[in-house]
Amino acid sequence: IAKEVAKLLEMKAQLGGDEGKHKFVLKTPKGTRDYSPKQMAIRERVFNAIISCFKRHGAEVIDTPVFELKETLTGKYGEDSKLIYDLKDQGGELLSLRYDLTVPFARYLAMNKITNIKRYHIAKVYRRDNPAMTRGRYREFYQCDFDIAGQFDPMIPDAECLKIVHEILSDLQLGDFLIKVNDRRILDGMFAVCGVPDSKFRTICSSIDKLDKMPWEEVRSEMVGEKGLSPEAADHIGEYVQLHGGLDLIEQLLQDPKLSQNKLAKEGLGDMKLLFEYLTLFGITGKISFDLSLARGLDYYTGVIFEAVLLQQENDHVEEPVSVGSVAGGGRYDGLVGMFDPKGRKVPCVGVSIGIERIFSILEQRVEASEEKIRTTETQVLVASAQKKLLEERLKLIAELWDAGIKAEVLYKKNPKLLNQLQYCEDTGIPLVAIVGEQELKDGVIKLRVVATREEVNVRRESLVEEIRRRTSQ
């Protein structure tokens, strides 16, 4: 309905008003949204959980421009390149809005000749996608990325990235989740032994990536019909991509007569085994599944790839939980920095991106459903007065509180009624009221009232700051 109304309003605006005045359509651009104070409060909670996890793992933070030179982004995203926003030439440089935070990170490393860094970056990215706003898909959205760059022993940083995803998803309490893991080398080896020609690797990869949204039959017909793969090769792939499991599956595939002959696949499987050993030490293998259908569409991955999905128990009769969609993804991309380096020097990298928008949609719906009251300010105390002509005293007191670092508010009226002041605290969730009155001023005290219990105590003015801190620190 909203879509149709917006369309009609636009048509109405084009017809022009009665007096020939142009009627202005008030809306945000397609695929974008505003955030109300309540939504921002939820969003900040999520960001804080994610940032504190990144910091717990010793990451530094960087930032890069919201637009890059067009050539920086060209050729890095495979079939998704058509979703890049190009900007009109404004003064001699062809620019595009950034599509993700990984390519700018690689450009940053190459430009500054950095060979070793552990960083996080939280910022907006832009995709000219067909938005599905209800599912948390936008044209402008945040990404929260954590990456480890540098030459290290295999699979130790990769295991830490998976641990981080596990920590964040557990901490946000989004419900049951599963982290699927695969390796680009295992995929490429599998394609080779199944008879996929080299030139078709990437495009077949992006078909396989749709398996979480489409049944195998449809993916197969896309590979055969649209992409010209032989039916035999497709069926051969089908036998592999429906497998998922843990260490036992890795062992089984290492014994597979065809796969174990392929150098790439063998390498990938060896590393996958190592990864699972580290994940066992971190105690998180219960939520991890080695899944041969995971392909992740981006061109720059070279090794381990992973994706976290939320699971939904539809009802008791379903054995397999249903995936609600991806909330984090990432992998190893050892060649990307080399693409920017004039001498082609490689910096191995592995990273993870948290899908904040989808997580945010879920939490927002949950808050709506539970009717939980969300505070949109952090005010600790309202400075109020019980009688008239006390504005100066209120202002004097609130300045003392602000200077002491207390979060305080005052109503912008000369003589507000006490009832209105207390009501304001109820409405906004302010826990304390500091009441200034004539008698209190004579006695050198302030009446401190707890909004929830209505209990009142007289506090000496000099110990007021301490008392407010004590009562709001819990």
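Just so you know, glycine gets a Cβ as well, placed from its N, Cα and C.
Predicted automatically and left uncurated, TrEMBL annotations should be read as such.
Annotation comment: TrEMBL describes 31-363 as domain 'Aminoacyl-transfer RNA synthetases class-II family profile'. According to TrEMBL, the L-histidine binding site annotation covers Asp100, Leu101, Thr102, Arg127, Gln143, Asp147, Arg296, Tyr300, Tyr301.
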Residues that sit under 8 angstroms from Tyr301 (L-histidine binding site) by C-beta distance, when 6+ apart in the chain: Arg184, Gly331, Arg332, Tyr333
Neighbour count (Cβ, 10 Å) for Thr102 (L-histidine binding site): 25
Neighbourhood of Gln143 (L-histidine binding site), C-beta criterion under 8 angstroms, separation at least six: Asp100, Leu101, His121, Ile122, Ala123, Lys124, Val125, Ser353, Ile354, Gly355, Ile356
Close in space, distant in sequence - Arg296 (L-histidine binding site), Cβ under 8 Å, 6 or more apart: Asp209, Ile305, Glu307, Gly329, Gly331
Site extent for L-histidine (largest Cα pair distance over Asp100, Leu101, Thr102, Arg127, Gln143, Asp147, Arg296, Tyr300, Tyr301, Å): 21
C-beta crowding around Asp100 (L-histidine binding site), within 10 angstroms: 19
